[in-house]
Amino acid sequence: MVQLNQDFINSIAKDMPAHLTMDDFISYSSKPLRPSIRINTLKISSDEFVTLMAAKGWTLDPIPWCSDGFWVALDNEIQLGNTIEHIQGLFYIQEASSMLPPTALFDGLDNSSEYTILDMASAPGSKTTQMASLMDNKGLLVANEYSSSRVKVLHANVQRMGVYNTALTHFDARVFGEYLYHQFDAILLDAPCSGEGTIRKDPLALRNWSLEENASIIETQKALIESAFLALKTGGSLVYSTCALSRSENQEVCEHLMSCFPQAVEFQSLSELFPDADKSCTSEGFLHVWPQIYDSEGFFIAKVRKVADVERQKPLPKAQRNFPFTAANNKTKDELSHYFKHTFGISLPKDGLIMERDLEYWLFPAKMADFIGKMRFQRIGLKLADGLKKGFKVRHEAIMALSDKHNAIELNESQAIEYLMGRDIPLQDGGKPQGEVILTYHHCALGVAKHLGKRLKNNLPRELVRDKVISAKAKTEL
């Protein structure tokens, strides 16, 4: 049984609802989490994926608050992160409770594909990619992460999942209320917290828990929610969430926001967000998810609507200069579009901006035009290709995000594993060399190869070559 910090037990007992018991809390906290995944509908439908994986011995049990989320029961032990399907971005390994904040934010958000949305604390990217999927890669999703090392992880997951409506930033999120005041239609603040709800995933999560340590976290949470509210447009929605369980990191932070802007804050009830949501709903309409309620991690979710204008707290910052990208001219855009269509059968999205930097060609979200000069961005949109003396060289991430099920060579499982391990694929009766071709598995993109007639020359970027790739239906390593 998990060893819980006694100070934590004493503290949390005061916050536990009367209808729940500490014995049940400790019992569920001692159980391993049920594995759960979210299907990436930017690449494959949930129905297609369920059918596909059922044939491989997977049993997928729907998560009631996320239409694309499933608990997974497997016929044998499989390292999900090493499967072909995970590497090619067909699913994200995501704890079930963490799917709740995006679901709450997008509930009632019509035409979300046209919105500008902020994810204030994004890494490693589970909620960012979930929101991008809900937006169908449209609109603009600004994804911020304070930790430089975690920005890299965020970017890797955005790429793997084929997301291209994002602009990544690397700031202390307290600056958003100043730099991007009144800019966002909706905001998710999944705030840094004590992690009290993650004990089932990490038995040592509460080893150093203390009220003193939490006090500084709470001050940060209050500053972040103020910043988020200032960055939100009037009429917009803000979801505040944590994986903490205490009132001090949850309800009291929301009450702090109400005290700061009493005329502008309206709490929205989440009691009908999904069947049985009322089991975790507080009197304010927040969801306070304890592990024993849904057999999940602990989580807290509150939804706030901004019902009145709030004055800017600080002067408008100076515009950022020296933006390194320029809009591509019509000739370049036509040549790039022809290259993608003629070589790969891909039509570039018409609602994006084709931008260039030196000999790099990028696809930016159209709404990015409104943000240039307002803040420094780490990475925007999707890198399409590099320029050559004659023509272009496609980027792997462009194929992973834009390719469809046509104009490709379908690999079998053993060939797909070989490709992801950086090896060339021999061909029998390969015919004449065809140049650059898209490779697929399950008719979803794996990457690009050069068809040389008798073999497919592997063009997988070196940093993406894997030492270990496994079948989703067996533990056999090839």
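In case you wondered, yes, glycine gets a Cβ from its N, Cα and C as well.
For the recorded site, Cys243 (active site, nucleophile), the DSSP three-state label reads coil. The active site, nucleophile feature in Swiss-Prot is assigned to Cys243.
Among the features that Swiss-Prot reports, S-adenosyl-L-methionine binding site is placed at Ala121, Ser122, Ala123, Pro124, Gly125, Ser126, Lys127, Glu145, Asp172, Asp190. Other Cβ atoms within 10 Å of the Cβ of Asp172 (S-adenosyl-L-methionine binding site), summed over all protein chains shown, number 12.
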What are the non-local neighbours of Cys243 (active site, nucleophile), defined as same-chain residues 6+ apart in sequence with CB under 8 A from its CB?
-> Ser97, Ser98, Cys193, Gly195, Glu196, Gly197, Thr198, Glu297, Gly298, Phe299, Phe300
Roughly how wide, in whole Å, is the group Ala121, Ser122, Ala123, Pro124, Gly125, Ser126, Lys127, Glu145, Asp172, Asp190 that binds S-adenosyl-L-methionine, by largest Cα to Cα distance?
-> 20
